[in-house]
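Lifted from TrEMBL, the feature list:
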type: BINDING; residues: G10, A11, G12, K13, G14, T15, R127, S136, Y137, E199; note: ATP binding site
type: REGION; residues: 30-59; note: region 'NMP'
type: BINDING; residues: T31, R36, Q57, L58, V59, G85, F86, P87, R88, Q92, R160, R171; note: AMP binding site
type: REGION; residues: 126-163; note: region 'LID'
type: DOMAIN; residues: 127-162; note: domain 'Adenylate kinase active site lid'
type: BINDING; residues: C130, C133, C150, C153; note: Zn(2+) binding site
Amino acid sequence: MNIILLGPPGAGKGTQAKLITEKYSIPHISTGDIFRKNISEKTPLGIEAKRYMDDGQLVPDEVTIGIVNDRLSMEDCKNGFLLDGFPRTVNQAEALDLFLSSNDKKIDTALLIDVPKEFILERMTGRRVCSACGASYHIKFNPPKAEGKCDICGSSLVQRKDDTEETVKERLDVYDRQTQPLIQYYKEQNILETVNGTEEINTVFKKVCDVLGAVK
Ligand code: ADP
Ligand code: AMP
C-alpha cells in the first residue's frame, strides 16, 4: 500500500504515521525527519535545509524531490510506503507521480487529516519530539510515561526550533498558499480520503484504519 499523509502542520501526521507503518509494516518516510537528521549531523544538505526550516519556509523543490526519489528507490519501499510531509507543493506532487509511474507504481491513497487552525497552535507549542527516533509527544494530549524521555527508545525529548508561536504562524501561511492546493489535486485523481483529526489519537487511528481497510 502506497500512502500519502496530508494535513496542516500539527494535524497529527507524524503521530498517525508511526501507528500506521507499524500496523502495515511499511516504511515511514518523513522529509522533515530526513532534514532534521541531516541538520544534527551537520551535512551540507542539513546546513542548507536549516536556513529554510528555521524560518518556517519550505526547502526548495529541487532539493526535496531528489531526496524522496532516492529514498523510494530503496528495497524496503518495494511493498509499500507512507510519505509524511511530502509532497508539499503541486510541483512535488507532479514529480512524485512521474517518478512512480516510470517505476510502474502509483499512490493508492492520499489521506487528509483534517484539523482546523484553532487547534494547531496549542498542539505545536506543546509538542515534544524524541531527539533520536523522532517520535512525537504532547505535554498535555500525549505525554510520555517518564517525563522528558521517549517511551520507545528512552532518549531525551526536545522542543523543535520551528515550534515557536511565530514560526507556527508562518508555517500555517505556507501551508495555505503552497500545500492546500494538493487537496484538490488528489480529489481530482479520486484517491483523496479525509478523517477528522480533532478527536483523540486512538479514535483518529481507528478511523484511519477503517479508511485504509476499505481502500485495500
Ligand atoms: P504533524 O506531523 O502533522 O506536524 P504531529 O503528529 O507531530 O503532527 O502532532 C502535533 C502535536 O499534536 C504533537 O505534540 C502530538 O502529540 C499532538 N497530537 C497528535 N494527534 C493528536 C490528537 N488527535 N489530539 C491531540 N493531540 C494530538
Ligand atoms: P515537518 O517535520 O513535516 O513539520 O517539516 C518541517 C520542515 O521541514 C518544514 O517546515 C519545511 O521547512 C521542511 N520540509 C519538510 N518536508 C518538506 C517538503 N516536502 N518540501 C519542502 N520542505 C519540507
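Backbone N, Cα and C define each Cβ position, glycine as well.
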Between C153 (Zn(2+) binding site) and G10 (ATP binding site): CA-CA distance (Å): 22
Cβ packing number for C150 (Zn(2+) binding site), 10 Å threshold: 22
Residue pair C150 (Zn(2+) binding site), Q57 (AMP binding site) - Cα distance, angstrom, rounded: 28
Candidate binding-site residues G14, R127, C133, pick with smallest Cα gap to F86 (AMP binding site): G14
Where the C-beta lies under 6 angstroms from ligand 2, the matching binding-site residues among G12, C130, C133, C150, C153: none
C130 (Zn(2+) binding site) and R160 (AMP binding site), Cα-Cα, nearest whole angstrom: 10
Tertiary contacts of the region 'LID' (126-163), as residues 6+ beyond its ends and Cβ separation under 8 Å: 10, 14-15, 18, 30, 33, 36, 40, 53-54, 56, 171, 201
